[in-house]
Amino acid sequence: MSERKVLNKYYPPDFDPSKIPKLKLPKDRQYVVRLMAPFNMRCKTCGEYIYKGKKFNARKETVQNEVYLGLPIFRFYIKCTRCLAEITFKTDPENTDYTMEHGATRNFQAEKLLEEEEKRVQKEREDEELNNPMKVLENRTKDSKLEMEVLENLQELKDLNQRQAHVDFEAMLRQHRLSEEERQKQEQEEDERETAALVEEAKKRRLLEDSDSEEDDAAPAPPQPALRSNPTAILDEAPKAKRKVESWERSVGTLGSRPQLSGLVVVKKTDLDRSTPQGQRAPALDTVKNGKPADPAPRTSGVSSLSQLGAYSDSEDSSGSN
């Protein structure tokens, strides 16, 4: 079994390389290569910008009948990334660059124009110095002055760097930190003062409220009404509402307002009065004594002014019958 990945191949003893048929390919054949756009360009069909360095799968071919100092010139075909239009450019070995051929326009490149301008000026200067020795002297004087100016500018830059080198950045940071701490301390003190002022104001307000409450407590209380021995005495003091006068009150009067007429009331004896002992007097008879109303006695249950009115009417009936 033969080894893998070997460089030496086996050739039989009767091998003749001249007998191998040669493959005939056209001279303008094309190859597929992977390349990057050599410059910025813009598609003429859709206006898409293709920047330098974008990768393409291009077709490469050799340009016929174009050679520079024996070097062949190659042409490349790429497609626009937007409209797929074909764009072609070829090599330029004379200027070590590429030239746009079809399908797009090359964008402005300031760097290339600057290099071309420098080359042109240098060539003109060499041509002048070749035939004019005074021009050579003038150019040397200008070059020396320019060199002196460059050295002076360089020295100024060095001095400036040395002055900046003496700056202590640590001290600057430390000073900035201290100033920041002082600012925070001042803010904290201001906050404390404001808090103390608010607390003091709250205390003063509380003291004023306490003093007002103490003055209200010390103020004399309104006089209380005197206590009455008889709870019904308030009825005599209060204004009495007008009521409709009955017919019998017009002739006899009320029992309370005219005590002299109330003595005419005769209480009808009932079974309850018969059952009471003789030593006890009826409450209605004790109301008038010597022309003055007697002290009120506790009323028994069931005896009221309406009952007295009924007894009065019965007494009138009895007197009328006699």
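Each Cβ is built from the backbone N, Cα and C atoms, and glycine gets one as well.
Just so you know, TrEMBL annotations never went through curation; they're auto-generated.
According to TrEMBL, the protein carries these features:
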type	residues	note
BINDING	CYS43, CYS46, CYS80, CYS83	Zn(2+) binding site
COMPBIAS	200-209	compositional bias 'Basic and acidic residues'
COMPBIAS	237-249	compositional bias 'Basic and acidic residues'
COMPBIAS	301-310	compositional bias 'Polar residues'
REGION	179-322	region 'Disordered'
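The number of other CB atoms found within 10 A of the CB of CYS43 (Zn(2+) binding site), across every protein chain shown, is 20. A 10 Å cutoff on Cβ-Cβ distances gives CYS46 (Zn(2+) binding site) a total of 12 other Cβ atoms nearby, all chains included.
In sequence order, CYS43, THR45, CYS46, GLU48 are the residues of the chain that are 6 or more apart from CYS83 (Zn(2+) binding site) and have a CB within less than 8 Å of its CB.
Using the Cβ center of CYS43, CYS46, CYS80, CYS83 for Zn(2+), the list of other same-chain residues with Cβ within 8 Å runs, in sequence order, LYS44, THR45, GLY47, GLU48, THR81, ARG82, LEU84, ALA85. Across the compositional bias 'Basic and acidic residues' (200-209), the DSSP tally of helix, strand and coil residues reads 10 helix, 0 strand, 0 coil. Counting every protein chain shown, 21 other Cβ atoms lie within 10 Å of the Cβ of CYS80 (Zn(2+) binding site).
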